[in-house]
Amino acid sequence: MFKRKSTAELAAQMAKLNGNKGFSSEDKGEWKLKLDNAGNGQAVIRFLPSKNDEQAPFAILVNHGFKKNGKWYIETCSSTHGDYDSCPVCQYISKNDLYNTDNKEYSLVKRKTSYWANILVVKDPAAPENEGKVFKYRFGKKIWDKINAMIAVDVEMGETPVDVTCPWEGANFVLKVKQVSGFSNYDESKFLNQSAIPNIDDESFQKELFEQMVDLSEMTSKDKFKSFEELNTKFGQVMGTAVMGGAAATAAKKADKVADDLDAFNVDDFNTKTEDDFMSSSSGSSSSADDTDLDDLLNDL
C-alpha cells in the first residue's frame, strides 16, 4: 500500500535517474492525451508513487529510432544503464565523432530519452471514460524538468520541496498542449497547489489504485535489452556498408563495383564478338586478379 516518503528520499532517487539518461512500442496500458484538429489538448493528471518502495516513481528509457536506406532501426539503448559500449549506434557516433563532424547524421541517429510514470487520470475532457483510472504515461524532458523543479528547490530562499507523487501531499498536474510552429508545446502545463487524492485514506480505494499500477523497474530490466551482437546485425542491415570496417567494407565495395560492371555490360557488343575474341578477352590478367582479390577478401571475413 502507499506510504508517506520524505522529499529528500525522492530527490535522491531522481538524481540517480538523471544520471542514467527511450522508445517503447505501443502499449495498451499507456495513456495518451487526445488532441483536437488544431493539435491542442488538455487534461488533469496525478503522478503516483512507486509500486516498489525501493524504486523511484519514474523510469527513464533511452533509445535510438531512425529510418535510413528505407529501413527502420528502433531499439532501446544500453546507455539506459550507463553502458555506452554495448550499443552499436553509440559506438558509431563516438567512433566517427558525429556530434562535431556530421550534425545531420548525428541528429538522425542520436539517443532519445523518454520518461515514464504511473498516473491517475483526474480529468480528461476528450476521453472522460479514462477518468479515475490508472495508466502508464510517457512524457518528455519539458515535463520532467517541471517535476524536478518542484523537488529541487532553493530551501535557503524559503522554497519548500514538494513530492508531487505523494497521494496526500502531492499535487495535480494540468497538462496543456498547444501547437506552436508545427510542434507540441507544453510550456503552459503546471502543477496546482498541494492536495490529497480524494478518498485516499480508504484502504480499499488505495488497493484499487495500487493494483492498477505497474512496476516501472521492469521496463528497464537488463533482460529486456537485446545483445550487442543482435543489435549490431540490425544496425548493419539498416545502415549498409557505411558502418562496415576493414576487409568487410573493401569487399562490399568490390562487390558493388562488379555488380555495376555487369549492369553496364553491352549485350549488343557481346553478340558481335567471335568465340576467339571472347575467349581472348576473358583470359586477361586484370579480370582474373580482380576475381582473386575479391575471393580473398570474402574468405578473410
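Positions of Cβ are set from backbone N, Cα and C atoms, glycine also.
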Write down the one residue from Cys77, Cys166 that Swiss-Prot lists together with His64, Cys87, Cys90 as binding Zn(2+).
Cys77
Same chain, not part of His64, Cys77, Cys87, Cys90: whose C-beta falls within 8 angstroms of the C-beta centre of the Zn(2+) site? Give them in sequence order.
Val62, Asn63, Glu75, Ser78, Ser79, Tyr84, Pro88, Val89, Ile93, Arg111, Leu231
Site with most surrounding Cβ atoms, counting all protein chains shown within 10 Å, from the binding-site residues Cys77, Cys90:
Cys77
Given a separation of at least six residues and a C-beta threshold under 8 Å, show me what packs close to Cys87 (Zn(2+) binding site) in the same chain.
His64, Cys77, Ser78, Ser79, Phe228, Leu231
